[in-house]
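Visitor: If you scroll down you'll find the structure; I have some questions about it.
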Amino acid sequence: MSTESMIRDVELAEEALPKEAWGPQGSSRCLCLSLFSFLLVAGATTLFCLLHFGVIGPQREEFLNNLPLSPQAQMLTLRSSSQNMNDKPVAHVVAKNEDKEQLVWLSRRANALLANGMELIDNQLVVPANGLYLVYSQVLFKGQGCPSYVLLTHTVSRFAVSYQDKVNLLSAIKSPCPKESLEGAEFKPWYEPIYLGGVFELQKGDRLSAEVNLPSYLDFAESGQVYFGVIAL
């Protein structure tokens, strides 16, 4: 019931009172009726304000949305997110430690994987779909002394479907030895790691390779030191 209809009912009730009621007793009745009318109007106004500003009313939906998820609902949400992530192409290959002549990548070793369309063909990772990819690689070089000036390079290259030229995506050059070696430096061992990583937009069928210029210096003493990977974002 609206405030206007409440006030209209009160006015009709006042008009229905007999004229003789306006005596000494009628005055008290009129006062009570006026007080009742005031309280009724004030209550209706307060109720209207509370409903208008949303203090009370249909807040059940908002309340339900703020309720914490049950363990079953949380598990379903995490499982759905995990399935979406598991559908993306991913590759992580490791180096063959028996070959010192060239850097050969293997996918069937511990901690290596090819998933969701990624392939390793002719020592290159083949991209299965268009999109953004994180491309990364690490190598570790090891040597004994500096009989001569040594330059070590590590490069990640792309053979695109749109053009067959080899293009370097990532590249780094390091030297473990200064140009002028100190006396006795030729007897000291040295280690030189190189890490490369970046995000690139690749196309289906693109081939990626990771190479070094001096594979004979690679250190395979520990697993996880030389690797190459691609992850779809």
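Every residue, even glycine, has its Cβ placed from backbone N, Cα and C.
Pasting the relevant annotations from Swiss-Prot:
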TOPO_DOM  1-35  topological domain 'Cytoplasmic'
LIPID     LYS19  N6-myristoyl lysine
TRANSMEM  36-56  transmembrane segment
DISULFID  CYS146-CYS177  disulfide bond
Visitor: Note down the number of other Cβ atoms within 10 Å of the Cβ of CYS146 (disulfide bond), including every protein chain shown.
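Guide: 19, counting other Cβ atoms within 10 Å of CYS146 (disulfide bond).
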Visitor: Which number gives the other C-beta atoms within 10 angstroms of the C-beta of CYS177 (disulfide bond), all protein chains shown included?
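Guide: Result for CYS177 (disulfide bond): 20 neighbouring Cβ atoms inside 10 Å.
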Visitor: Average the pLDDT scores across the topological domain 'Cytoplasmic' (1-35) and report the rounded value.
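Guide: Here the mean pLDDT over the topological domain 'Cytoplasmic' (1-35) amounts to 56.
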